Amino acid sequence: MPVVHLLDYVAGNIRSLVNAIEKVGYQVEWVKTPEDVQNAEKLILPGVGHFGHCITQLSNGGFLEPIRKHIASGKPFMGICVGLQVLCEGSAEDPSVPGLGLVPVRLERFDSTTKSVPHIGWNSAKCPSKSPDKYTSLYGLHPQNKYYYVHSYAAPYDEKTLADQGWTVATSTYGDQTFIGAIGRDNVFATQFHPEKSGKAGLRTIESFLNGQSIQILDSPSSQTTASGLTRRVIACLDVRTNDAGDLVVTKGDQYDVREKGAQQSGGQVRNLGKPVDMAKRYYEQGADEVTFLNITSFRNCPVADVPMLEILRRTSETVFVPLTIGGGIRDTIDTDGSRISALDIATMYFKSGADKVSIGSDAVTAAELYYENKCVLSGTTAIETISKAYGNQAVVVSVDPKRVYVNKAEDTTHRTIKTKYPNSAGQEFCWYQCTIKGGREGRDFDVYQLIKAVEAMGAGEILLNCIDKDGSNSGFDIELINDVKSFTTIPVIASSGAGNPGHFEDVFNQTTTDAALGAGMFHRNEYTVKDVKDYLASKGLLVREFEN
Ligand code: 1PR
């Protein structure tokens with residue numbers, strides 16, 4: 001098998017990159033010392049976390065000079081995400097730290113006054129077209145395809161300067177900002193997006209780099225859509241737990257009750273809707289833009305290193321090349337042998353097993369309550385802070401499990417209320433959204449606004465916004481809740497709970513500014529496929545990523 005060298009300089013999630021490289025027929029050799037770089041023919045630099053941290057790590061490890069030499073020698077080099085950013089002159093993220101200066105631009109932070117930051121999701125990477133019937137394909141990039149991006153800083157597109165220096169650029173646009181999606185010159189190629197997380201289109205990009213297929217001029221596609229911009233992200237969610245027979249199954253609750261309803265209303269067997277790895281693969285093949293696993297009982301009494309979710313992630317990441325999120329039990333823990341394991345250690349195990357993001361539920365509420373008790377001073381020790389510092393904000397999702405508490409009027413509570421179009425049976429027209437912990441079992445005197453403001457300050461990168469009242473109801477998303485949350489946060493929001501048919505996805509995308517929408521039960525029960533949802537959204541004029549077979 002031909003070999004590619006991968007520079008392992010941070011404890012990031014590079015398992016999926018390794019899986020992607022192996023999938024296209026190459027074998028990975030690790031670069032562990034600066035000397036190893038000299039032996040590399042094809043070199044890939046993945047990037048995780050902050051720009052300054054990345055450069056410092058490379059510099060402290062003695063890698064910067066060997067990388068420069070590798071590039072200057074004309075041998076193939078590919079940078080991914082922060083691996084593209086280090087080729088630039090510098091970044092607003094760490095203004096005092098210089099980059100390699102190969103690409104003559106400085107990275108800027110996306111403007112968060114008009115859109116969510118980070119920029120998360122599937123977007124284009126297109127070379128400006130020189131004629132209507134031809135397009136330039138940089139390392140297999142196609143104008144019809146979408147690629148998975150997740151970043152807060154981007155390299156602005158300065159056409160003239162870049163062209164003058166011989167760079168070919170594929171651009172992407174977020175809001176009104178156009179930036180470098182991918183860039184190539186001679187032996188150097190770099191992508192801001194993650195090709196290893198970009199489905200088949202991404203695998204083709206990696207393969208083109210490894211096969212040295214740099215720039216091609218091809219006929220433009222005639223019938224397919226080549227519209228630019230961020231697509232509507234559709235996520236499939238798998239709630240996983242052990243059933244009464246001890247098997248790990250995908251389950252789904254009604255308002256978080258996952259037991260079959262028997263004659264006595266509740267208390268039957270745990271619903272078994274299928275096997276986690278098989279179902280994740282099925283949703284990937286149906287075109288899911290992301291797959292989320294929630295370990296809903298945290299598999300108590302099991303040594304942390306053996307949690308079955310690690311194996312699920314390992315196996316899933318071998319066949320599923322879209323982002324994987326894992327939630328449940330991410331908090332400081334005492335292991336079965338009495339040793340202390342930090343939330344960061346647990347997250348690291350998940351990242352190394354193939355996760356791209358971790359989702360934190362109960363621990364986020366507890367940490368947020370302490371944050372206010374501590375007069376809004378950050379402790380620096382919470383799961384959110386430690387994980388986002390090590391892996392970047394985009395790697396930390398906070399899963400919120402709220403339920404409505406009705407009151408007669410706003411003044412009856414100190415919590416942030418909304419006036420709802422759906423009063424309760426007692427006719428009360430105001431409600432606040434109460435945070436719960438432990439899978440909805442315990443309600444706190446704490447509302448969603450308080451929680452989200454605190455976790456924003458701690459460095460959360462995305463909100464998974466469930467709603468217990470709507471969960472499993474098939475009655476549509478809680479549009480009022482989503483609109484309220486979107487009015488006060490700038491970090492991306494994933495709408496969750498209540499999806500029962502494709503029209504509910506259209507409603508949530510048209511009636512709110514949600515950044516993504518998630519479904520569970522309707523997919524698990526085979527009532528609709530993810531493709532049904534996307535086809536429907538496309539028929540209504542909403543931009544979605546088309547799945548390639
Ligand atoms: O608190 O950090 O250990 O995390 C536990 C995680 O498990 C939390 O993210 C919490 O939301 C989740 N969880 C705990 N108990 C349950 C349960 O159902 N008994 N599941 C549970 C929550 C919510 C969704 C669901 C959507 C869509 N599931 O992700 O998939 O509501 O469902 P639908 O489309 O069928 O309506 P921690």
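Note: Cβ is positioned from N, Cα and C throughout, glycine not excepted.
Features as listed in TrEMBL:
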| type | residues | note |
| --- | --- | --- |
| ACT_SITE | CYS81 | active site, for GATase activity |
| ACT_SITE | HIS194 | active site, for GATase activity |
| ACT_SITE | GLU196 | active site, for GATase activity |
| ACT_SITE | ASP239 | active site |
| ACT_SITE | ASP401 | active site |
| BINDING | CYS81 | L-glutamine binding site |
| BINDING | GLY329, ASN466 | substrate binding site |
| DOMAIN | 6-202 | domain 'Glutamine amidotransferase' |
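Taking all protein chains in view, 24 other C-beta atoms sit within 10 angstroms of the C-beta of GLY329 (substrate binding site).
A 10 Å cutoff on Cβ-Cβ distances gives HIS194 (active site, for GATase activity) a total of 25 other Cβ atoms nearby, all chains included. Cα proximity to HIS194 (active site, for GATase activity) (within 10 Å) is found for none of the recorded positions ASP239, GLY329, ASP401, ASN466. Ranked by Cβ neighbours within 10 A across all protein chains shown, the active-site residues GLU196, ASP239, ASP401 are led by GLU196. Ligand 1 lies within reach of GLY329, ASN466 from the recorded positions CYS81, HIS194, GLU196, GLY329, ASN466, judged by a C-beta closer than 6 angstroms to any of its atoms. In this structure the alpha carbons, written CA, of ASP401 (active site) and ASN466 (substrate binding site) are 5 Å apart. Annotation note: GLU196 (active site, for GATase activity) sits in a helical segment as assigned by DSSP. Shown in sequence order, SER399, VAL400, ASP401, PRO402, SER496, SER497 are the residues of the chain, 6+ apart in sequence, with a C-beta less than 8 angstroms from the C-beta of ASN466 (substrate binding site). Across the residues of the domain 'Glutamine amidotransferase' (6-202), the predicted structure has a mean pLDDT of 94.
In the structure as shown, the Cβ atom of CYS81 (active site, for GATase activity) sits within 10 Å of 27 other Cβ atoms.
For CYS81 (active site, for GATase activity), the nearest neighbour among the listed recorded positions (GLU196, ASP239, GLY329), judged by C-alpha distance, is GLU196.
In the three-state DSSP scheme, CYS81 (active site, for GATase activity) falls into the coil class.
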